[in-house]
Amino acid sequence: MVNICCIGAGYVGGPSSAVIAYQCHDVNVTIVDLNQARIDAWNSDNLPIYEPGLDEVVFARRGKNLFFSTNVDQAIIDADLIFVSVNTPTKKSGMGAGMAADLAYIETATRRIAEVATTSKIVIEKSTVPCRTAQSMRTILEANSSKDIRFDILSNPEFLAEGTAINDLTNPDRVLIGCLQTPEGFAAQQKLVDVYSRWIPKERVITMNLWSSELSKLAANALLAQRISSINALSAICEATGADVDEVAYACGTDSRIGPKFLKASVGFGGSCFQKDILNLVYLSEQFFLPEVAAYWKSVVTMNEYQKMRFTHRIVRTLFNTVTHKRIALLGFAFKKDTGDTRESAAITLSSYLIQERAHVAIYDPKVSAKQIKLDLTEPGVGTNEAEVEKHVEICNSAYEACAGAAALVICTEWDEFKMAQLDYQKIYDSMQKPAFIFDGRLILDAPKLREIGFRVETIGKSA
Ligand code: NAI
């Protein structure tokens, strides 16, 4: 029986390790975290994260070969393979603040492994880290453990997307495993290949050197975000010229060299990864004295910020240049559909801007709690404080409740339940102030049909 320990029971550690347990019944998987509340939630009927299909996977294996615990030391002692899936947020202060990844959590976890391990381990970087982090981990492990224990380090970055995580983990495009190009490195790599090969076709388990593997994760996220910023930049040109961004994206996407994915214009990308990983790449480029490369990648983030501001300015401009005291219904607060994750969500920027303009913001999201929304809006750096949020924000229990009496409705997240087939837009129109405005920040609505009802519709990438 192989024993796996995963340090970090978050959006990545939880689902990715649960799928290993689900696919390999003879592998014991223990997911550990310092956060007692998070572990309690993983052990309850109400899992700490919303992800389609996750409940089934966890409930099928929990207590059999899948365990959640705060006993980090015991799980390390028992494990043959240890995944490090802790958070690596952008540094908030000190050297590289606002750009470099904060590796403090990685270092703490690595030191813990060195301190408590009594047998040799394969330590696997699952978190997204700057290139050559594995080298620092190795140095820490070797300097803090007894000489008869061996540590092999692998890089196994995670490519799951929130909202489709279980499908991505069950049927991934590829799994990447990087190792030191030594006999011991190859042997460790093979052990992890053996785990994944139980359910993933061999040709999709790609092996390479450690540094390529680490950099590939940053590169993949940078390329994905770059496509979104590219189509968003084009959406501004569409609005100015009368071109339609959906038509332009379709025309470009049918070219097999370009392909159709990630060409959907929107109010801007969010999530915990894209911005953080690009900034990480920017910092790396600067450290290697590559200022042109740094500036190139930085522009992807700059364009994203611009898109969010452009959309909010359009809202204010259209509402006769003032939103003061106007009720604005914000539909969706998660950074994308099918997740409750709000990290870097465009809705945060939008809400904060509208609050500063003294609008009354009525927010509804099917999976984000009122507590989380208020927490996000009062985070340092967001620009709104507790008193302002109390005064200007109302959290609603349905889209209908948010829209009743509103001057405008803004689609921030592309949840299916906001689509035309699922919401009664006639009912919404009847309940709103007139003229009733809709701002579609996700291109999910049928503007001509809404105009027939009587709405004034403004859509990203289309002139009014
Ligand atoms: P998260 O913040 O949801 O989870 C990280 C967990 O690690 C937290 O629960 C925290 O309490 C725990 N932790 C931190 N230090 C610890 C320690 N020393 N011992 C035990 N537990 C500790 O973060 P998330 O979203 O799961 O991301 C983890 C990593 O995976 C990051 O590097 C991220 O960039 C990467 N990633 C995230 C994806 C996503 O969609 N969220 C996708 C692909 C990669």
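Glycine is treated like the rest: Cβ placed from N, Cα and C.
Where the annotation comes from TrEMBL, it is an automatic prediction and has not been curated.
All chains included, 24 other C-beta atoms sit within 10 angstroms of the C-beta of Tyr11 (NAD(+) binding site). Positions annotated as NAD(+) binding site by TrEMBL: 8-13, Asp33, Arg38, 86-90, 127-128, Glu162, 273-276, Arg343.
Taking a C-beta cut-off of under 8 angstroms and a sequence separation of 6 or more, Glu158 (substrate binding site) has the following same-chain neighbours: Val12, Ser16, Ser85, Lys126, Thr128, Lys217. Under the three-state DSSP scheme, Glu158 (substrate binding site) falls in the coil class. Residues or ranges marked as substrate binding site in TrEMBL: 158-162, 217-221, Arg257, 264-270, 335-336, Arg442.
Under DSSP, Cys273 (active site, nucleophile) is assigned to coil, being neither helix nor strand in the three-state scheme. Marked as active site, nucleophile by TrEMBL: Cys273.
Marked as domain 'UDP-glucose/GDP-mannose dehydrogenase C-terminal' by TrEMBL: 329-447.
Ranked by CA distance from Gly8 (NAD(+) binding site), the binding-site residues Ala161, Asn221, Ala265, Gly268, Phe335 have Ala161 at the top as the closest. Recorded residues Gly268 (substrate binding site) and Gln275 (NAD(+) binding site) have their alpha carbons 11 Å apart, per Cα-Cα distance. Cβ environment of Ala161 (substrate binding site): Asp168 lie under 8 Å away, each six or more residues apart in the same chain. When Cβ atoms from all protein chains are considered, those within 10 Å of Asn87 (NAD(+) binding site) total 19, not counting its own. Reduced to three states, the DSSP call for Leu218 (substrate binding site) is helix.
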